[in-house]
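The block underneath contains the structure these notes are about, expressed in structure tokens.
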Amino acid sequence: MTEIRLTNTKSRRKEAFEPIDRKNVRLYVCGPTVYDRAHLGNGRPVVVFDVLFRLLRHVYGEGHVTYVRNFTDVDDKINAAALARKDAGDPRSLEALIRERTDETIRWYHEDMDALGALRPTHEPRATEWIGAMIAMIEDLIAKGHAYEREGHVLFRVRSYRDYGALSGRSVDDMIAGARVEVAPFKEDPMDFVLWKPSDDELPGWDSPWGRGRPGWHIECSAMSYELLGATFDIHAGGIDLQFPHHENEIAQSCCAHPEGGFARVWMHNEMLLVDGRKMSKSLGNFFTVRDLLDQGWPGEVIRMVYLGTHYGRPMDWTAEKAEQAKTTLRNWAEMVEGAAPGEVRAEVVDPLSDDLNTAGALAALSDLYKRKDAAGLLGSAHLLGVDLQAIRHQPWARPYAFEELDGRFLREGIDYQPTVGVIGWGEITDQARETSIGLLHRWLALRRAGDFETADRLKTDAMRLGVELRAQKSPNGVTGGLAKLADRVDVSALEGLL
């Protein structure tokens with residue numbers, strides 16, 4: 001059987017992975033707080049640990065891996081968004097507004113992560129569905145002397161857990177010395193953190209032995225992982241930004257509640273994401289959601305390839321140049337596997353993935369299969385990285401095009417300054433498909449000229465889903481026109497519904 005080696009953040013070493021139970025390998029990844037769209041950095045752990053999930057299934061069998069990724073749907077940011085709606089005059093209850101917001105955000109998240117080719121986890125628990133389990137764990141921590149109640153708050157006694165700081169390599173005293181925050185008067189120790197906090201009548205809350213309130217962030221993952229995976233499981237993963245305090249606090253409360261378990265054996269953290277060499281920030285104007293990039297025309301498969309091009313343990317830099325290179329690579333690979341049947345996953349692709357999830361090395365191995373014209377091996381092996389070349393083959397952006405038909409005259413320098421539109425496709429373009437595509441182009445360009453970019457982006461996304469890529473392009477004399485790329489299978493009647 002293939003040996004997998006993973007870097008364990010806690011031991012700071014690359015270790016041979018040996019599951020507790022080969023018939024049920026268990027993985028927990030911290031999921032999103034569902035108050036807004038997932039940004040580009042949020043997508044990285046999804047793709048990275050999706051590949052880990054696929055690798056574990058490949059080695060141990062699809063039915064022998066349990067993957068849990070949670071949704072945090074109780075949070076002050078969610079409350080603030082709902083309160084803003086209510087203050088703006090929405091007559092519905094705060095509970096209804098919160099539920100609408102979280103349901104909508106989860107739907108967005110699924111749509112965006114599906115576009116990135118990520119498999120759905122085995123379980124996706126919502127925190128609000130496990131409040132009872134959180135209360136039970138808090139009661140247990142109090143009974144064992146690891147937590148205390150003050151003024152409606154329940155706090156974890158950090159100094160009661162002697163190994164606190166082992167994951168992040170910090171000591172409690174150093175953390176206190178470096179702190180620059182005001183300490184709540186009800187805390188016994190500045191490092192103690194909240195397990196439960198009171199809710200006033202305006203905020204969401206649940207009845208508990210300490211009064212009406214809501215859970216702290218850290219207890220949510222501890223309770224849900226225990227209920228779904230047990231006191232001991234194989235791998236806990238997430239972004240490096242969660243290492244402290246979230247994961248450190250998870251370890252403390254879980255190990256104190258269930259000292260017989262030991263919580264997660266292996267801890268994995270992906271590094272942060274940069275954009276053109278700089279930290280992603282709204283103030284720098286380089287902040288993107290996954291949906292922003294999809295709506296700009298970057299296919300989800302291309303975004304995924306850029307993620308995979310850098311080892312998860314190193315910062316990843318998103319650039320348009322990398323995305324264009326990934327697009328070209330995928331187009332070439334998809335063209336070569338035309339008509340091929342998937343072969344077995346090749347060992348030269350499995351080997352780098354088994355060596356601490358070296359996705360860049362696995363992509364290099366796929367490139368070698370392409371160079372050797374091993375279409376079956378390329379097609380089958382790409383699936384292990386979540387790259388479906390057969391599906392990509394039918395995407396408008398990935399097709400080779402046989403000819404071009406233009407509506408209106410060609411633009412000629414100094415002669416014709418009117419915008420024109422073109423339609424290109426694979427094989428014969430029917431009159432109906434050409435006329436419908438031209439109509440969509442004219443409508444899309446008109447919306448852009450009018451400044452209604454939201455409607456224009458929505459039209460472009462809808463057309464792409466139906467097999468037509470709308471693209472603006474300039475002629476040599478600077479006049480903006482448009483081009484529609486048609487896939488080989490286009491539902492023209494559905495397209496007409498967009499006009």
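Placed from the backbone N, Cα and C atoms, the Cβ positions cover glycine too.
Feature annotation from Swiss-Prot assigns Zn(2+) binding site to Cys30, Cys221, His246, Glu250. What Swiss-Prot records for 32-42 is motif ''HIGH' region'. The annotation motif ''KMSKS' region' is assigned in Swiss-Prot to 279-283. The annotation ATP binding site is assigned in Swiss-Prot to Lys282 on the grounds of sequence analysis.
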Spatial neighbours of His246 (Zn(2+) binding site) that are distant in sequence (at least 6 apart) but have CB under 8 A: Cys30, Trp217, His218, Cys221, Gly238
Glu250 (Zn(2+) binding site) and Lys282 (ATP binding site), Cα-Cα, nearest whole angstrom: 30
Beyond the flanks of the motif ''HIGH' region' (32-42) by 6 or more, those residues with Cβ under 8 Å of it: 71-73, 75, 77-78, 81, 101-102, 105-106, 108-109, 112-113, 239, 272-273, 275, 280, 287-291, 293, 318
Neighbours of Cys30, Cys221, His246, Glu250 excl. site residues, C-beta within 8 Å of centre, Zn(2+): Trp217, His218, Glu220, Ser222, His236, Gly238, Leu242, His247, Asn249
Spatial neighbours of Glu250 (Zn(2+) binding site) that are distant in sequence (at least 6 apart) but have CB under 8 A: His218, Cys221, Ser222, Ser225, His236, Phe263
Per-state residue totals over the motif ''KMSKS' region' (279-283) - DSSP helix, strand, coil: 0 helix, 1 strand, 4 coil
DSSP state at Cys221 (Zn(2+) binding site), helix/strand/coil: helix
Protein Cβ atoms within 10 Å of Cys221 (Zn(2+) binding site), excluding its own: 28
The motif ''HIGH' region' (32-42), counted residue by residue under DSSP: helix, strand, coil: 3 helix, 2 strand, 6 coil
Count of other CB atoms lying within 10 Å of the CB belonging to Lys282 (ATP binding site): 8
